[in-house]
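> Input: one structure, supplied below.
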Amino acid sequence: MRTLTGKELAAAIRAQAQAEAAAGPQPRLAVVVATDDEASLWYVRSIAKAAAGVDLLCDVVDLGPGARPEQIGETLTRLSGDPGVHGVMLQTPLPPGASAQQLAGAIDPRKDVDGANPLSLGRLAAGLPAFPPATAAAVMALLDHYQVELEGRRAVVVGRSTVVGKPLAHLLLDRHATVTVCHSRTRDLASVTSTAEVLVAAAGRAGLIGAGHVAPGAVVIDVGTNPTDDGGLTGDVDFDAVAGVAGALTPVPGGVGPVTTALLLRHTARAANLP
Ligand SMILES: Nc1nc(=O)c2c([nH]1)NC[C@@H]1CN(c3ccc(C(=O)N[C@@H](CCC(=O)O)C(=O)O)cc3)C=[N+]21
C-alpha cells in the first residue's frame, strides 16, 4: 500500500504560488469569518501563516459569530469591489440563518478563489474557466501528482456537498472518469464504493469507509477532517483497516489538507495576474 502524502506536493504548489505572486501586483486574499468554530479558525490561521510564507497578503475580516447575513453580504460586496483585493473567501460554518450558497453570490467570480459562487460551479460544470473549490482541486492535484490514471476508470465520490462532492464529480468527468456520487441516502453504500478504482471519501463522517467498502488495489482519497476528542483530526476513512486492502491511500492529517491551503494561495496569485 502506498501512502499518498500531501506535504511535499503542498510545498511545491506554494513555491509556484510564490513565483506567480512575484510576477505581478502583490496578491491580497481577504478571508471573511463569522464563526467561533475551532476547526474553522484553525484553518484561517493556517491560511494566514502560509500566505505570509509565500509573500501574499492575507486580511482576516472577522465579523464574529453574531454577524447578520446582510452584514456578511455587504462585506463580500465591498471586498469584491475593492481593486486592492484579488481573492475573497467566505469561511464556513456561518451563523444560523446565513446561507453560504446565497451569500457567496456576492463574491466576484474573478476573485472567487474558493469556488463558492454558484456561478463558479456552473462554469465548472459547463467546462468554462473558473476557480474550483480549493479542496476539490486538491484531490485532483494529488491524483495527478501520484500519476493516477483517470480516463475510462470508475471513480466513486462519497458526499454531494457544494464545496467538494459536486465540483469534484465535474472535475473527474472532465478527465473522462466514469463517475458515481454516493450520499447519506445511498442504499448499500459498500456495494457501490467497492466498484471504485478511485474512491474519494468526502462525507464528513469519521470512519465511514472501512475495509469492506474498498476494492483490492483501489486508490482512496480521504477528504474528511473530523475533530477527535483529543483535539486532533481524523478522516472519513478507517486508515488502518483500509490500508490492508487499498493500493494507495491519503493520510489525515498530512494528505488533502495541506494541498488545499497551498492551492488557495495559488488561486489567489492567479487571480492577481488575471488580465
Ligand atoms: N469556505 C470554506 N472552505 C474550506 O475549504 C473550509 C471551510 N470553509 N471551513 C473549514 C474547512 C476545514 N478545512 C481544512 C483545510 C485544511 C486542513 C489541514 O490542512 N489540516 C492539517 C492538519 C491539522 C491538524 O492536525 O489539526 C492536515 O490535514 O494535515 C484542515 C481543514 C477547510 N475548510
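From the backbone N, Cα and C atoms, a Cβ is placed for every residue, glycine too.
Checked TrEMBL, it gives:
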- G159, R160, S161, T225: NADP(+) binding site (BINDING)
- 4-114: domain 'Tetrahydrofolate dehydrogenase/cyclohydrolase catalytic' (DOMAIN)
- 133-272: domain 'Tetrahydrofolate dehydrogenase/cyclohydrolase NAD(P)-binding' (DOMAIN)
> Would you count the other C-beta atoms found within 10 angstroms of the C-beta of T225 (NADP(+) binding site) for me?
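The answer is 21 other Cβ atoms.
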> Should T225 (NADP(+) binding site) be counted as helix, strand, or coil on the basis of DSSP?
coil
> Give me the largest Cα to Cα distance among G159, R160, S161, T225, the residues the record lists as binding NADP(+), in Å as a whole number.
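Largest pairwise Cα separation, rounded: 16 Å.
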> Tally every other Cβ atom lying within 10 Å of the Cβ atom of G159 (NADP(+) binding site).
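A count of 24.
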> For the binding-site residues G159, R160, S161, which residues place their CB under 6 A from an atom of ligand 1?
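If the test is a Cβ under 6 Å from any atom of ligand 1, the answer is none.
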> Over the domain 'Tetrahydrofolate dehydrogenase/cyclohydrolase NAD(P)-binding' (133-272), what does the predicted model average in pLDDT?
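Averaged over the domain 'Tetrahydrofolate dehydrogenase/cyclohydrolase NAD(P)-binding' (133-272), the predicted model reaches a pLDDT of 98.
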